[in-house]
């Protein structure tokens, strides 16, 4: 399997511009170039599969996407604080779980949310990205790049004309407060999903391993926690092999679980309570709340766990495709859960006090050990769904420049969304093990889990409603029906789990606060840097004025000067010329474009243009996630100079210009022979005494993050003697 690593996929990086494709796409509010539509479309081709391929993918989703959801019977009943439950109580609980799975699982996620992908990616942050691509909702004013830009630009405005936008879209564009609130909601959703990625492995494996204590009561809880930690460490060590290989290994296990547990459920239904499916009637649900009142409301904190992992169905979209996920959920996962919960409930109606071990107690003794083995393996697999989802959302936020650059490894040459991050994987492993060893009580972790699940669902509902109004233009009555139904339903769940904050529910908030602070600190620093660069950019008129200074010399040689400022050149250029009092006779201002396509066609990879000044050219190097940029320095230079030579030769057919073109080519070759250098900027903020305490704090924190994150410039195989880094302080 081809593997391509990208150390920094950042839209606002010093040297790399990242593009998310579509008909016309944005990756950062202030760097707004788009790519050729045919190239963008080609990136989606790999998601169009035939029936057979979709069935194979659907099978593979069992081992990656649905692990957390389909293994939820392990911990749902044990997480409920039931007190002397009756038959009617259990029927009411099953009715709640059935309608939660049907409405949130089938209607919201499988039927609606999966259609709201952003370039094949799913999740709360993908919804925010989708909104960014269609309306101007940057925190800072967006600097649009026109197609007639003086530099290399192939873009069109990605925002629709104002008369075509909805009133809500115009409101967000005008209101800075609303844009900040929307960004906060998106960041909170992402942080909660990462919290889900920490808690799912912990509660799943711990709940499964706890089954060994039933036949062996002498086994201590400490030993169970230690065994769970060892199992999780082994799981995280497998992540480097990629989703496809992991799913190939895990899917048979989840297939066995998905098939076997409903069979046990059917047996339990027949033996204990054949009429259990009468609880599908909603009146059992309403009777439950009328009878139990506040106690029934508090039980929702445990009931909500029946839908845990449903967000992974959306967030893992980039690893598979919509059809395969829908097939697996509608025809395997949902029926399996409905039958398994029915079997559990039927058993508990006859044995009402066994709810603290609501899964293993309902397993017939004849098949206890086979089920224990399968459930333990399935719990390990269950962790995979949220781990993969965490990789996806981290990658999305890095691409959109909302998270410090981390190493992102593409583990597939055909699926852009299949990624792995060593640093993120290591941090997840440490946190998962810490949660188990410090908060070993399954109920405390369950309470924390309930907070995460309900919050992520509610945030998805809010963002999806905005997508329906602003982008899809869904009829108002349907949008209102969707929003009222799911906002009320999930809002009730959130209100119930918030009562669990003192009992473990604070854990995800602590994790989310730390992550949100990191994200906001990085985002704020990047936006301040972009604002400075756009304000102080060097245009061609300014460059011409600088070069006309008698004190500035054009020295022999060929210089590649890396820049990412659109419709202008980086301020570092002015700083460089003013202090060095020179510029190479041939200078090529180079921008690296990271495109979300597998590979860029050779004839589209390097785009060059004369910029109207003698010896000054522009160059854009475009590369996809499966392209290798580890070129030898000479090959890299030769490719660009050959392309530039062809461009100079073909730019005019008039005889009067032929001699001028030949002179340019001669100068290019002479400069190349004189020596090649690669100049990139390295910037930091100068935090003066006039800065506010907020700026001093946030920009100092940003500098710490910036100093410890991956570099923006991918390895190009440039010889060390040819590299020059030129520093500049940006005044805050």
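Each residue, glycine too, has its Cβ placed from N, Cα and C.
These numbers come from a predicted model, not from an experiment.
As stated in TrEMBL, the feature transmembrane segment covers range 248-270 out of the listed 156-178, 248-270, 271-293. Of the given residue ranges 117-137, 327-347, 390-410, 537-557, TrEMBL assigns the label transmembrane segment to 327-347. The feature transmembrane segment, as given by TrEMBL for the ranges 505-524, 565-584, 585-604, sits at 505-524. Range 57-78 is the one annotated as transmembrane segment, of 57-78, 607-628, 629-650 (source: TrEMBL). Cross-referencing 6-26, 27-47, 90-110 with TrEMBL places the feature transmembrane segment at 90-110. Computed over the domain 'K+ potassium transporter C-terminal' (556-730), the whole-number mean pLDDT of the model equals 82.
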